[in-house]
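I have placed the structure first, in the form of structure tokens, so that the comments after it can refer back to it.
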Amino acid sequence: MEALGFALREEAVLNTLTEDVLKSSEIEGEVLDKDQVRSSIARRLGMDIGALAPVDRNVEGVVEMMLDATQHYDRPLNVERLYGWHAALFPTGRSGITKIVVGAWRDGAAGPMQVVSGPIGRERIHFEAPEAERLDAEMNAFLQWFEAKSNIDPVIKSAIAHLWFVTIHPFEDGNGRIARAIADMALARSEQSTQRFYSMSAQIRFERNAYYDRLEATQKGDLDITKWLAWFLACLDRAFMGADTILASVMVKAKFWEKHDVNVLNPRQRMMLTRLLDGFEGKLTSSKWASIAKCSQDTASRDIDDLIKRNILVKDGSGGRSTSYSLISE
């Protein structure tokens, strides 16, 4: 990574942070809009990525939490900071349509905090968290340990912090995402850097079933967390290997813009080509071009035809309404 120029390193960091936010939410079954996440991160980090997509406030909250954890890793983790993260995750005070306690520890009003699965009437209880009355003491102990100087390897500390926080389960919702943010904060502290080129959350999303199985087995067992630590470290190692994929996508983008003169393209074309290079979801049609670029169908068709003549885009399909377009492979 040291061989990368500043602009490419910045691009790689943006890609990594985008993956972190998207995949940490996907682990919990929540799918965020990639363009919104990327735009929100770029704006907050002062990166110029062209036209920025309008961003939903729920996306803003997730991004705000993740960036606070990784970009300000050297600031103390305390109760108020965790309350702020939780409030950012649930700006409406609701999880879906359910009203929840936001910006504070859960109370006992809804009964025991249980992690369950299965249909109503046949639920399977995977884990029951400590009672609400114990949360102040439990979280004070956790935060004192997290901030204390110790001889624990900082990567091991990240693994323990992840498990410990999610086991306390101090909030009504959002505990998994906050646990992963805390783990990322500990990893950033271990590296003494705000720049990372791997995504632990993306790797956990890929191994989600094993992740939940290992958490459940550890939480239901005795106090031996050796198998959890072994799994976490192995998962982290696989995340390191995934950094090659992030770097490859950055290099493809850099080579593309080296080959094609950006000055002969109009702003709409530059924006749409950037979308394609960043991993456009679905097929690109002239209708989608017109909608995203906020132009007429005729203008979209002219933009696309010009890129075909320049050997940048190629037509897919048999024509008509089903016609789509993709980048010509280098």
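Numbers here mean position along the shown chain, with the first residue as 1.
Any Cβ shown, glycine's included, is placed from N, Cα and C.
Here is what TrEMBL records for this protein:
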ACT_SITE  H169  active site
BINDING   D173, G174, N175, G176, R177, I178, A179, R180, Y211, Y212  ATP binding site
DOMAIN    77-234  domain 'Fido'
Mean predicted confidence [pLDDT] for the domain 'Fido' (77-234): 91
Pairwise Cα distance for R177 (ATP binding site)/the residue listed as 'active site' [Å, integer]: 11
Around the Cβ of D173 (ATP binding site), the count of other Cβ atoms that are within 10 Å: 20
For R177 (ATP binding site), the number of other Cβ atoms found within 10 Å of its own Cβ: 24
Rounded inter-Cα distance in Å - N175 (ATP binding site), H169 (active site): 6
Intrachain C-beta neighbours of Y211 (ATP binding site), sequence separation six or more, cut-off 8 angstroms: I27, I204, W231, C235
